[in-house]
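As written in Swiss-Prot, here are the features:
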type    : residues                                               : note
BINDING : Thr231, Ala232, Glu233, Glu285, Ser385                 : L-serine binding site
BINDING : Arg262, Ser263, Glu264, Glu349, Ile350, Ser351, Ser352 : ATP binding site
Amino acid sequence: MLDIKWIRENAEVLDAALAKRGAEPLSQGLIALDEKRRSIIQSVQDMQSRRNAASKEIGAAMAQKNTELAEKLKGEVADIKTSLPAAEEEERVLTAELNDALSRIPNIPLDDVPVGKDEHDNVVKHSWGAKPAWNHKPKEHYEIGEELGYMDFERAAKLSGSRFTVLTSQLARLERALGQFMLDLHTSEHGYTEVSSPLMVRDEAMFGTGQLPKFAEDSFRTTGGHWLIPTAEVTLTNLVSGDILDQEKLPLRFTALTPSFRSEAGSAGRDTRGMLRQHQFWKCELVSITDAESSIAEHERMTACAEEVLKRLGLHYRVMTLSTGDMGFGARKTYDLEVWLPGQDTYREISSCSVCGDFQARRMNARYRGKDDKGTKFVHTLNGSGTAVGRCLIAVLENYLNDDGSVTVPDALLPYMGGLKRIERAA
């Protein structure tokens, strides 16, 4: 969330940033609303001050036996007490209206983010590896999985409807191996602390990371009022909600392997076959909490950690710098890792790593204090996938497919597969 004081002082900067995102200018409406709110706040404070002063004057008048003045002052106090609740309610309404408006404004892109309308304006940062060269015709993951006999969309549909998958036997183990491999890599080599956190959260947590109020339709809400997490970013980032951290202890780096739940409300007709776009999927999430000076460098580090997963698995990928029109609501800059899928003959996103500055921290009221500082500053937050497990499984199936229809297990996963080196058709 942006600071209204900053908006008052940087109205043109805000409108220019919104224009880069393809949004209409908002600064003047926000400033007008804030001026109205500040005016009523001043009125409330003036009434409260006059009420308190008049109350003291009543005592002085009574001491001087000036009954006429005392009665006049009592009438003034009574009038203030009558008017004050309405003014306080107006202040509350205007404050809520302003906060709601501020909560719906996207973050300000960094200056080096490419300006564009959508994904077609994203820029290739670099790539790694090469596309596999085969004699056989590539297949899509759902063809491979069904032919192996371990991927069942029909049974999943009977259980839960569309956009779900049942994996069994060797593919279920491969999915588990991928998640465990990612978690071990990030905790053992990359310095992240593993966290086991709830899969259901309150409104406040979803607001803190920016899912609410603007993107409520993208998530699932229980009848009890909890939300199923669309990503572990929600829980990991909110671990510091309301805290004042010691700068010396930053950065904090958290990781979690969890299911994620998404309604895919805006994805009708897209990726309807297979596992690419599911209502439920596993993901290894990375979150960093830094001071203001370190967040840009941490963004590069986090992205490199996610890249290492794909390098260890021998998967060709490219890193894209997202344009302003394709970047997420809370991000100041985002790198997408796109893995090569031979079956689709294209690159698909497998990880998204974003630096959010203090945007989420303001919503969560998460701060830090330097060793010699009296005041506090908002922390900076970063999040990324390290990586999406289901999409990584898709990439392994399509890139490690053999001529006979079997799939070779990548070397990095062998310690997790109980000696299984090749996934073959079910007997």
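Backbone N, Cα and C atoms are what each Cβ position is placed from, and that goes for glycine too.
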Between Glu285 (L-serine binding site) and Glu264 (ATP binding site): CA-CA distance (Å): 19
Candidates Thr231, Ala232, Glu233, Ser385, namely the binding-site residues, that fall within 10 Å of Ser352 (ATP binding site) by Cα distance: Ser385
Candidate with the highest Cβ count within 10 Å, taken from the binding-site residues Ser263, Ser385: Ser385
For Glu349 (ATP binding site): intrachain residues, at least 6 apart, with Cβ closer than 8 Å: Asp336, Leu337, Glu338, Arg391
Sparsest-packed among the binding-site residues, when each Cβ's other Cβ atoms within 10 Å are tallied, from Glu233, Glu264, Glu285: Glu264
Spatial separation of Ser351 (ATP binding site) from Ala232 (L-serine binding site) - C-alpha basis, Å: 14
Same chain, 6+ residues apart, C-beta under 8 Å of the C-beta of Arg262 (ATP binding site), given in sequence order: Asp218, Ser219, Phe220, Pro230, Gln278, His279
Top Cα neighbour of Glu233 (L-serine binding site) in the set of binding-site residues Ser263, Ile350, Ser351: Ser351
From binding-site residues Ser263, Ile350, Ser351, the one whose Cα lies nearest Glu285 (L-serine binding site): Ser351
Inter-residue C-alpha distance, Ser263 (ATP binding site) and Thr231 (L-serine binding site) (nearest angstrom): 12
Among the L-serine-binding set Thr231, Ala232, Glu233, Glu285, Ser385, as the record gives it, the longest Cα-Cα distance in Å: 9
Count of other CB atoms lying within 10 Å of the CB belonging to Ser351 (ATP binding site): 28
Residues within 8 Å of the Thr231, Ala232, Glu233, Glu285, Ser385 Cβ centre (excluding the L-serine site residues themselves): Val234, Leu236, Ala256, Thr258, Ser260, Lys283, Cys284, Leu286, Val287, Asn383, Gly384
In the chain carrying Ile350 (ATP binding site), residues 6 or more apart in sequence that have Cβ under 8 angstroms from it: Leu310, Tyr317, Leu337, Glu338, Val339, Ser385, Thr387, Ala388, Arg391, Cys392, Ala395
